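Going by TrEMBL, these are the annotated features:
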type	residues	note
BINDING	His71, His73, His228, Asp314	Fe(3+) binding site
BINDING	His71, His73, His228, Asp314	Zn(2+) binding site
BINDING	Arg80, Tyr138, His165, Gln231, Ser319	4-imidazolone-5-propanoate binding site
BINDING	Tyr138, Asn316, Gly318	N-formimidoyl-L-glutamate binding site
Amino acid sequence: MSSLLVDNIGELVTNEAGRGEGGPLGIRRRAALLIEEGEVAWVGSAADAPAADRRIDADGAAVLPGFVDSHAHLVFAGDRAGEFAARMAGQPYTGGGIRTTVRATRAASDGELRATVRRLRAEALRQGTTTIEIKSGYGLTVADEARSLRIAAEVSTETTFLGAHVVPAEYADRPDDYVGLVCGPMLHAAAPYAKWIDVFCERGAFDVDHARAILACGQALGLGVRVHANQLGPGPGVRLGVELGAASVDHCTHLTDADVDALASTRFDCMCADGGHTTTVATLLPGAEFSTRSPYPDARRLLDARVTVALATDCNPGSSYTSSMPFCIALAVREMRMTPAEAVWAATAGGARALRRDDIGVLRPRARADLIILDAPSHLHLAYRPGVPLIRQVLHNGVPL
Ligand SMILES: [Zn+2]
């Protein structure tokens, strides 16, 4: 069994709350970390580091868990740079541009879609994202949704069926028929390649009754629930997600007190080091607000109510064409008043919670050896030095890239 020691770590973010400084980040100084068989085998003081077959000298840099991007749409064709330019010139975002990408995606070959997914997956990995969730939702036919998920499943185990992204143009005047298609043949074709089901519950997309029906059909087939909720205005999406036991409700830009209370009510208090968490995570996607020039979600209100918060990119060609978790961390700190520690936690452990995973987003024995060595002495630099490529090296399943 080959072993690899990451040695001489100046600041190790473990996300083991109560096991060091930095609150939930569980920071250790002058640390080392041993990897065996793709897993963390040992974490401790560099002075006590065991012998290993190979060694990486972190040279005093910060090391943290790989980013967990729990919300991305990577299976599509074409781009919408023109729409972005028009928006920056004053046109509002409505979500209607999704249909433009649907047309391009349907017309693309499997090879073209696969090349885009792999290019974006590699781009994210270079920026420290070791786990990425990938949604369908630009096919919106039985065959195109199934192939989108088949291609997504080649690069990620966290795949999400989003046949209910928008009602496609050919069903515009008969949405009930489209919901029937999504719940029936489309779901059955997609489910073998999907772990999750998601619905865009928003005015102009799917109303709460349609969304509930679709999510319930997915649950009956064993898929976990996620919801695009309360992005463009207030609505019932967040409370629907809580009602159905969703792992995550995503966007959460327009919340009422009842929405926040509903999320907080899912809190699972325990004797664990971080004192528990909410079972439905609020996943915030500040890249979307940035790219649509919209008001940011009120992260402080959620954190003060002790709701578990995750950060993700929402990488998609329309409303947030970034794969950069460091960019989202910087936005969360500058624009959403999260502390750097809260933002780093949300981009790692928070994302893991949003995917109901306890083997990632944390660096402790038996966790996946997914980690980032920064070109910086502290996690603070991720927000302090925005736009600067600070990812020196990524290890994925214990393998240095
Ligand atoms: Zn999305």
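Every residue, even glycine, has its Cβ placed from backbone N, Cα and C.
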Candidates His71, His73, His228, Asp314, Gly318, namely the binding-site residues, that fall within 10 Å of Tyr138 (4-imidazolone-5-propanoate binding site) by Cα distance: His73
Residue with minimal Cβ packing [other Cβ atoms within 10 Å] among the binding-site residues His73, Arg80, His228: Arg80
Distance from Gly318 (N-formimidoyl-L-glutamate binding site) back to His228 (Fe(3+) binding site), taken between C-alpha atoms, in Å: 15
Neighbour tally for Asn316 (N-formimidoyl-L-glutamate binding site), based on other Cβ positions within 10 Å of its Cβ: 26
Binding-site residues near ligand 1 among Tyr138, Gln231, Asp314, Gly318 (Cβ under 6 Å): Asp314
From Arg80, His165, Gln231, Asn316: binding-site residues whose CA lies within 10 A of His73 (Fe(3+) binding site): Asn316
His71, His73, His228, Asp314 excluded, remaining Cβ within 8 Å of their centroid (Fe(3+)): Ala72, Lys135, Asp250, His251, Leu285, Ala288, Ala312, Cys315, Asn316, Ser320
Rounded Cα-Cα span from Gln231 (4-imidazolone-5-propanoate binding site) to Asn316 (N-formimidoyl-L-glutamate binding site), Å: 15
Which of His71, His165, all binding-site residues, has a Cβ with the fewest other Cβ atoms inside 10 Å: His165
Where the record names Tyr138, Asn316, Gly318 as binding N-formimidoyl-L-glutamate, the maximum Cα to Cα distance in Å: 11
Other CB atoms, at most 10 A from the CB of Gln231 (4-imidazolone-5-propanoate binding site): 26
Residues near Asp314 (Fe(3+) binding site) in space but at least six apart in sequence (CB under 8 A): His71, Ala72, His73, Asp250, His251, Leu285, Gly287, Ala288, Ser320
Tyr138, Asn316, Gly318 excluded, remaining Cβ within 8 Å of their centroid (N-formimidoyl-L-glutamate): His73, Phe76, Arg80, Gly97, Ile98, Thr101, Gly137, Pro317, Ser319
Farthest-apart CA atoms of Arg80, Tyr138, His165, Gln231, Ser319, residues recorded for 4-imidazolone-5-propanoate, distance in Å: 20
Cα distance (Å, whole number) from Gly318 (N-formimidoyl-L-glutamate binding site) to Gln231 (4-imidazolone-5-propanoate binding site): 14
